[in-house]
């Protein structure tokens, strides 16, 4: 019922207060609930007191000493860190393998100037002089390779006589009179200038070779052979003087009393670590830097040889003085090796590059050597090394010949016999080095599974299309020839093609390999709309990518 006056509900027993709940079947009574609630509250209070008692210094120290953790919960992370350590431990071995192979490649190109180049020039001159006796079989007086050899020989002779007008003694005393800080700045400037002039020098020589051997039927688009020749002579002469100043500065550092200048010059190598370690490097950039390090190390060896020759001459070739110079020479070489190892180890660590990449770089250099021995090779091997590493042997050879002829006096018949025997020894060393390098190069190419690229010549690249993507329609009849006994020949002379026939050259597939050193050929062709907006600079950059100063850094 409800009260009509107040409108408040009333219970059945006439009171407005709620009826106390009664326990249903299977439920605790209100008294039991009250007792349970009180028990929980007392238990909560005991736990709170216990937790306050646990916060003691002894229990904190005990927890710090006895707590544990499980590394397998993050197994991938720790496995990656361990692989990084193993990679850093493998870097010295793999890097020195690449350096060792690259230095012998530079040595082979350097010995070529002293040994085989004079003989090839002599054969080219003999052919030119005896040409009327045999008649003009084709339109060319000389083969393109013979023209390039004669140009190299003439440049070498002219620059050698021009170097006689440079006084080495005056340059030495002029540099020695400068302060230490000035010499340090001069040496740094010389290193930068050497890299810049090397990158431009090979372009000057290539322009001369192409201008002198370009087919005459084509429209003339150059300034002439003679201007290019004078530019090449000027370049080789200036570069030789630059290297002479470097050698003189290093000689002054060796002869200083407190060796402070030599220490400062060696510390300059460690500054190179700061400038390169903390930069982002891809595989292509690391390959360029590795080639630069190979060239720099070989050039330093030749500079040390020049310094030793000049010092031994001043002390009348006393063997005891050589052992005085030997510790300084070892210190310079050891610092160079240590800097290269530390630099490459941290670059590979910070950029997650494995140590196996150096074997791929070595295979790329080996591919250049093998491809230059083919019948229809488009460049000489020494020029291929120059483009790949930035090592140009002509200026260094001019300087070394100038220093040797001024330091060693040849008098008497016995002295000339010794010179002839020494020249024969150089030829033997060159031939032996070439044979060993060719065998090792074939082995590295097979290990990298690149031999099929030698047997599959493709069309020369047309503007807007990469050379690696154009498929040739001819089989490999111009590649490495095989005789009846099954032996492979890579030293045959090129066959001259007719002018009206389209030229099919074996393109440098190593460039394609170097662009993707992991062996995967990436498709870089874009849509037709994108190709319309490409400039000619893209096509020119495809020609020569790997000079020392980074004409193209991907």
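Along the chain as shown, the residues are counted starting at 1.
Just so it is clear, glycine is given a Cβ too, placed from its N, Cα and C backbone atoms.
Of the given residue ranges 204-224, 225-245, 246-266, 267-287, TrEMBL assigns the label transmembrane segment to 225-245. Residues 414-439 are the range that TrEMBL records as transmembrane segment, among 310-335, 336-361, 362-387, 414-439. Sequence-remote contacts of a segment are chain residues at least 6 beyond its ends whose Cβ falls under 8 Å from one of its Cβ atoms, and for the transmembrane segment (143-166) they are 113, 117-118, 120-121, 123-125, 127, 208-209, 212-213, 229, 232-233, 236-237, 240-241, 244, 380, 394-395, 397-399, 401-402, 494, 496.
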